[in-house]
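Here the structure is laid out as structure tokens; the discussion comes afterwards.
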Ligand code: ADP
Ligand code: MG
């Protein structure tokens, strides 16, 4: 009891190995960032340990920081443990063992073995040291002795007690033992790498020292543990037996994790040490009497980042564990005796120390007594060489004791198993509890959500109610609007009628015009025929004349006459061509007229269909108006009945006042009132439904109205177009008339000129003939027969001429007639144009009037509404009660 108990945290050291060849070839990223001596940033998160060794740290540096002090402590009588934790090939074995015989590359174990002896050699000569080492592995939760050539599973009952212990006196011997153990291990397994990643190997150094003079004894144990790989089963993809194996590794590692968690949370009473063999062996190292250092070995590669993170987390948790360390001081013989006597007095059962060092058949003593007596280092007891207390007992008794002890050990093991089972159960239950708590929390959250949802829904419900109220108000307004619309429709239909009448008038006018036009056409065609006939006659006469002249052989004047005739012929051909063009124009005009006629007929048809439609709509409107009136009547009746009822109520109330005491009457009255109110509410509901229906009808009617208006507009447009066309055509006709007039004038002039020239020719001819006759009479008086024939011909020519002049006169007269006709037609055209203008004006006026009436009607309706509102509060004292559903109570207040 030299040193006072001291609390200390587990020392956690983190070591990163460099990227290996295959990782470099694969191009993995180097993730860790080292910050200062104790921090590493990995994947954006920083982890703080007692020290972080970057990849280039030498084995010596690692040893100096991690193990040097522990060796001194063990020599001072403390226990110590060094773990190496990490995934496979993260550098655990490299750290713990390294290359065993290379002074530079050797790891912690060979360095410790050297160091221990150096220290011992430098210590007090009076101290006697006894150093033993054991080397074993835990595979599939079974302990296997690596120093036994047969690699048997330890038959021991109390963990490691059955394992071989080798006394060593120098570091070389320690190294030999390690070599032997490693060789044995290699013999037993086919694939060393795989095997080492699935088993924990533990190298135990046990140091006892005794002062020769004072007989003071100290003992210290040093566990050097190379743990199995911490990677997940899922990553290795193990199956079947391999999976079992992996599960087992995971089990022992998770048992270690659970122990560390429990210790980290500070619940020392329920630490599940008994979940696996390893945690049982290392019970003292974790949270017990031990200076513990844990190496967290990590790979820097991005390929292993998940495993590395979990390794770092494990280390963080381990850092919080606190151990209570004290010196393992053994009592001297004197001290023992005193204590033994004392104990004997108080207890019947005395702790029996059985001391047979090195003997295998000797029953071992429990590794960690549940209640150590006065810090006695019981784990060391089997190996203590000097017996401090000698109890003399007979052989039989001894055998009996041994038997009993064996039984007890068996029981203890059974109990251990049971406890193990129970603690596993407890862990499971705890996990379940955690799950349940999580579930509870989540369901609580859900319920909160549901409640908030509920309140939201309630709010929505209220807003919806308000909306319904608004909608009802809007409905009332719509009903009023409907009245307006129906009136508008009526007005429009009246307008439509007026327009249709006007259209009919126009149609009759147009027909009259057409008749006139056809008449004019007939006249013109007749005249054309006559002109053609006359011209033909003239041509024939001229032909005959020419033959006569040609036959007579009058050589003196033939040249002159022939010239004149050619000129006349040319003129006549000209006249012919002109007449032809006239005929063509006339035909063109006729075609145009036909087209006009067709279009007029089409518009007439359209108009009649429109008339039909309008008539239908008018009928509909009339029926609707009647219906509205009916409804209005009903409403009025209801209002009247309401008024009468309210009066009755007032009376009844008065009576009630009078007969206040008579409760029966009052009840009856109340019942009556209630029934009245119910009837009212029903009627109201009825009325609301009707309003809805009306609303629909109004919508349909407005649609109809809009359609009609559109059609009317279309008709107007068509009408306008037709008028334009008519205008255009009349202008065209006028132009044609002018042209034909001019053409006729030209013709007349040419004909007059021709006639004049013909007249001159005749005169010349007659004179010539008379002179010739006179001459021939003077010279040849017998030639009287020729003179007579000549005379006859002259008379014939003269009659011809006369005929021609007559025709000419007739043509001139016809022309004058046509001229007279023209201004009349022009006048008519002008008249129709004026009429159209007047009609347009009338239409505009009618529209304006309709607008004004509409405005006026709206005002009227507003006024009536106001009046009704003003009347309501007086006439319906209980309106608010019913009105909760159909109208807002503010209405009745405001309108006052
Ligand atoms: P583990 O025991 O965790 O499975 P090892 O110790 O066997 O891993 O290491 C795997 C490989 O990495 C070995 O070849 C080892 O030499 C190498 N190695 C581990 N740590 C280091 C380091 N710090 N420096 C150099 N090489 C290392
Ligand atoms: Mg290894």
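Cβ coordinates are placed from backbone N, Cα and C, and glycine is handled just like the others.
The structure displayed is predicted, hence computed values, not measured ones.
Per TrEMBL, the feature domain 'Kinesin motor' maps to 9-321.
Counting only residues at least six positions away in the same chain, the Cβ atoms of 197, 229, 231 sit under 8 Å from the Cβ of residue 88 (ATP binding site). If you look up TrEMBL, you'll see 86, 87, 88, 89, 90, 91, 92, 93 marked as ATP binding site.
Mean predicted confidence for the coiled coil (391-492): the pLDDT average there is 88. The coiled coil feature in TrEMBL is assigned to 391-492 (among others).
Here TrEMBL flags 614-655 (among others) as coiled coil. Within the chain, the coiled coil (614-655) has long-range Cβ neighbours (under 8 A, six or more residues past its boundaries) at 482-483, 486, 489-490, 493, 496-497, 500, 665, 669, 672-673, 676, 680, 683, 687, 690, 694, 697, 701, 704, 708, 875-878.
Taken from TrEMBL, the feature coiled coil covers 794-828 (among others).
Annotated region 'Disordered' per TrEMBL: 875-896, in sequence order.
Positions annotated as compositional bias 'Polar residues' by TrEMBL: 882-896.
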_Intrachain neighbours beyond the coiled coil (794-828), with Cβ under 8 angstroms and 6 or more residues off its ends_ = 513, 516, 520, 524, 527, 530-531, 534, 537-538, 541, 545, 733-734, 737, 741, 744-745, 747-748, 751-752, 755, 758-759, 762, 765-766, 769
_Least Cβ-crowded entry, counting other Cβ within 10 Å, from the binding-site residues listed as 86, 91_ = 91
_Fewest other Cβ within 10 angstroms of its own Cβ, chosen from the binding-site residues 90, 93_ = 93
_Near ligand 1, which of the binding-site residues show up if the criterion is a Cβ under 6 Å from one of its atoms? Options: 87, 88, 89, 91, 92, 93._
88, 89, 91, 92, 93
*Determine, from DSSP, whether residue 88 (ATP binding site) sits in helix, strand or coil.*
coil
*asked:* Restricting to the chain of residue 87 (ATP binding site) and a gap of 6 or more, list residues whose Cβ falls under 8 Å of its Cβ, or answer none.
replied: 229, 230, 231, 297, 299, 304, 307, 308, 311
*Of 87, 91, 92, 93, listed as binding-site residues, which ones have a Cβ less than 6 Å away from ligand 2?*
92, 93
